[in-house]
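Undergrad: Before we start, here is the structure in question, set down as structure tokens.
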Amino acid sequence: MDAVDATVEKLRAQCLSRGALGIQGLARFFRRLDRDRSRSLDSRELQRGLAELGLVLDTAEAEGVCRRWDRDGSGTLDLEEFLRALRPPMSQAREAVIAAAFAKLDRSGDGVVTVDDLRGVYSGRTHPKVQSGEWTEEEVLRRFLDNFDSSEKDGQVTLAEFQDYYSGVSASMDTDEEFVAMMTSAWQL
């Protein structure tokens, strides 16, 4: 294990100590920091952003992380690749149940889930904001999709985005049985 791997392990542990939303919260926070929508951060932005969240990296660690995930030689890290590396690996059982849930949602079978795909399996009619007239059912479906739609809010969720979302959830669950039961119940598999 090299110094950057050790740094990633340190960050992963700090994130996981924050519970289910540790890595997901970090992802949302970094996307807000990325004001130019380049999907990248330099070492100073990374270090400052982590510090705001109470996660500590020294300058050398931040620079090492940026070098590892610098895909184009610009001196910045690729945000999505970095966040993916922070998430712990998943077992085959977890990957399989995520794929099964995605397949159920992808009614058209084209490899992406859209609002049209959701209409048959998710109803927003009973959502409190629909009931109050504040949102339409279409808005509820779109906002639901946005939970999974990671980089570009294009109204389409790929299997990779779905897996990324659930790898963050998976990190907070100790056993495969617990995770599989949650997914099976949530998606009526």
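Each Cβ is built from the backbone N, Cα and C atoms, and glycine gets one as well.
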Undergrad: Name the one residue among ASP78, ASP117 that Swiss-Prot lists for the same Ca(2+) 3 site as ASP106, SER108, ASP110.
TA: ASP117
Undergrad: Can you say which of 21-56, 57-92, 93-128 has the most Cβ pairs under 8 Å with the domain 'EF-hand 4' (136-172)?
TA: 93-128
Undergrad: On the three-state reduction of DSSP, what should I expect for SER40 (Ca(2+) 1 binding site)?
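TA: Assignment for SER40 (Ca(2+) 1 binding site) reads strand.
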Undergrad: Using only C-alpha positions, which one of ASP70, ASP72, GLU81 is spatially nearest GLU45 (Ca(2+) 1 binding site)? These are the binding-site residues in the record.
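TA: The smallest Cα gap between GLU45 (Ca(2+) 1 binding site) and any of the binding-site residues is with ASP70.
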Undergrad: Looking only at the domain 'EF-hand 3' (93-128), what are its DSSP counts of helix, strand and coil residues?
TA: 19 helix, 2 strand, 15 coil
Undergrad: Beyond ASP106, SER108, ASP110, ASP117, what residues of that chain have CB atoms within 8 A of the centre of the Ca(2+) 3 site's CB atoms?
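TA: Sorted by sequence, the hits are LEU105, ARG107, GLY109, GLY111, VAL112, VAL113, THR114, ASP116.
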Undergrad: Under a three-state reading of DSSP, tell me whether THR76 (Ca(2+) 2 binding site) is helix, strand or coil.
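TA: Going by the DSSP assignment, THR76 (Ca(2+) 2 binding site) falls within a strand, counted as strand.
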